């Protein structure tokens, strides 16, 4: 967000502008963590630590019921929501309750769980490794699919007493599901339905800024970004979110930053909540994860991380080159939504993905949707969530 630095300095140096103070309103949620935000809207919550097989500790949040529901009821069907790249569980609760999927599901009578990927703001602990060490950050979406997703699903089912759950993934949250559900048959049996929002398998045609990483060598990327964390939320970005982007004067500038990452759809963004949207973004990931995405852009395949030389690949995969994941092996019933203005999950990549989904039960392309509309869009309840909840209800009746 360096482009905002000059703007901020100009604002601070120039002093008051006509109407400037009157337009400065910060939403209280912009300074809240996940548990505080859930409580703020009157919902109950639980915080659980998922411990993966390789020692990562993942912060997982539960909304066991809606505002008007009693805790003392029969076991509820479980819905597990998993965010995308450099994001967090905050995505599912950052809008008003009538526009946030997690709250809508809770009010519809479901037991809602919000996952956080390793290395983000809420999942930055380990049984043995320090986040200050490069060893902690030696992961990508391979490990999220192999370790994070199974561990989280198993804990959720254990705590809820259920045998299956409904899985909702956005962006990278769909990527790790495609991998996990196609390579781990026992895990796949525990998924009743898979809802894929802005699904990402290949990124051959992506137009997102991450494509710029492909112009750099691995060595250059590590010189620029190091070998640990990539793009975490800083005090400066929090300042921009709560002191600049909360002002109507800068709504267009701040929203254009979001659109540059996701695609253009200004009519569908609640500008009055820009400070909330930006206050916990980005939530961070590993440099290795970003290198893996750059590899995916170059290869045009959904492939395991290339460790850089045949010996390393042989050690990890028992073959000289990283294996390609075969999504067609996934048998989980799957519903998908894609966006016509999505610069991350490009329409051509989605078109190539569709025939590989062996049990596709529903697909909808929304022409005006960008990558973030699936959790930020003001019309998401009408375009996506209504049908998603209906499919859950129909599945439970069968």
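Cβ atoms here come from the backbone N, Cα and C positions, even for glycine.
Per Swiss-Prot, these features apply:
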SIGNAL    1-19  signal peptide
DOMAIN    78-377  domain 'AB hydrolase-1'
ACT_SITE  171  active site, nucleophile
DISULFID  245-254  disulfide bond
CARBOHYD  270  N-linked glycosylation site
CARBOHYD  326  N-linked glycosylation site
ACT_SITE  342  active site, charge relay system
ACT_SITE  371  active site, charge relay system
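Positions of the features from Swiss-Prot, shown on the structure.
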residue	record	Cβ within 10 Å
171	active site, nucleophile	26
245	disulfide bond	28
254	disulfide bond	23
270	N-linked glycosylation site	16
326	N-linked glycosylation site	13
342	active site, charge relay system	28
371	active site, charge relay system	29
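The recorded positions 245, 254, 326 include none with a CA atom within 10 A of the CA of residue 171 (active site, nucleophile). For the pair formed by residue 371 (active site, charge relay system) and residue 245 (disulfide bond), distance between Cα atoms is given as 20 Å, rounded to the nearest Å. Of all the recorded positions in the record (245, 254, 326), the one with the smallest CA separation from residue 342 (active site, charge relay system) is 254. In the three-state DSSP scheme, residue 171 (active site, nucleophile) is classed as coil. Distance from the CA of residue 270 (N-linked glycosylation site) to the CA of residue 254 (disulfide bond) is 12 Å. Taking CA atoms as the reference points, residue 270 (N-linked glycosylation site) and residue 245 (disulfide bond) are 12 Å apart.
Recorded residues residue 245 (disulfide bond) and residue 326 (N-linked glycosylation site) have their alpha carbons 43 Å apart, per Cα-Cα distance.
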